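Encoded as structure tokens, the structure appears first; notes follow it.
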């Protein structure tokens, strides 16, 4: 129930509405004037005081663009921007994607209308008509209902909203600062870990468990070659069995030869920080099997077959098995795309470069899912490198810099291939120290994760509280009513009576 002195009406009755237009781009001089021309992408702040483009009087005269006075409110009507709005801080024109309302001053406070429209954004989006990019029209806006308080109460409501929002904004700013500080701390911790500083004391106390960098590198190469020889021996045994059985199917696939990885160049070494004794810089390909691309098979939400992990399932270093798609696979495909404990999935392609290279660690003995083509499986040599050590190594700032420098953009999509992944430079130490680092990082980063989650939850609550404030404001529950205020219905009637 709304208060008795409020009146139910429509936006058409309390403001005059119009829209704009776009002068012809074939006449460049139209866009060399002094008249602000608002685009919906600029409807960001409560007030707009300047625009990227300005047009001429001639542009106004030769198009449907028109000038709306200071105090008008522009609201986006099309596509993803529906409901974005700003109050004109200057006389300005706009394009046809923007509806503009000028409040009738005796009836409606412009800031009250601004906050009311902000409270209606979700409903306006739902009212949008069309396909993938729904639109609203001036007709929808004009007929949109509004419960109108007396003018003095509107101003009290605006003042209360701004006071409460100010307090909320201050709290949100503090939370966002803490969030940024946690990100900085996380990267500082990773930098210390992978430059050997986090375990300096451990090395002093465990000299008998260390080896020289040369010994470490030689052992990694020996183990890599031995693993390749094991694969070849297993393949040869499979071929003999296949032949003995009369070659009943396709010949077993021969293992790929080891990829020759170039040594670090003098320039690359010069750009790297110094590591402690027993540590070394190497290319990632030395401690993983040949990276394996995911399946390109068409998958859907029918829950028959095997679940296929996609980019959205790689979340903050972990696999989140939600919103899966499925497909049928034969035994050879299952063997090719299966996941084992200790594998990493890395995102190889995305429109956002910050997502390319993000990884998730397989922590279950035999993950029951396969993986899609925009992911690559990294299978670490577990006798050379700990999987969690590698995961954190690839999330540190220096690794991200390498990934983003290598990622190539094709039509707005950034890609990194298996060869570029193998060429990434990482720091390594012996397995004993890696496990100590893993334990220290697990303990410290779990606290960071908890704090980040608390901040995220609190920010979400602040957003919900903002909407709750607006809901109460426009239901007459935010400020007390003043019986001496002239009822809005009386004012509406008087305004109507004065119109010819």
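FYI, residue positions are counted from 1 along the chain as it appears here.
Glycine too: its Cβ is placed from the backbone N, Cα and C atoms.
Feature annotations, courtesy of TrEMBL:
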type	residues	note
DOMAIN	3-166	domain 'Type I restriction modification DNA specificity'
REGION	243-269	region 'Disordered'
COMPBIAS	248-257	compositional bias 'Basic residues'
DOMAIN	278-459	domain 'Type I restriction modification DNA specificity'
Checking distant contacts: for the region 'Disordered' (243-269), what same-chain residues at least six beyond its ends satisfy Cβ-Cβ under 8 A?
224-225, 228, 231-232, 235, 281-283, 285-286, 290, 332, 419, 422-423, 425
Local confidence of the prediction over the domain 'Type I restriction modification DNA specificity' (3-166), expressed as mean pLDDT:
95
DSSP says what for the region 'Disordered' (243-269): how many helix, strand, coil residues?
6 helix, 0 strand, 21 coil
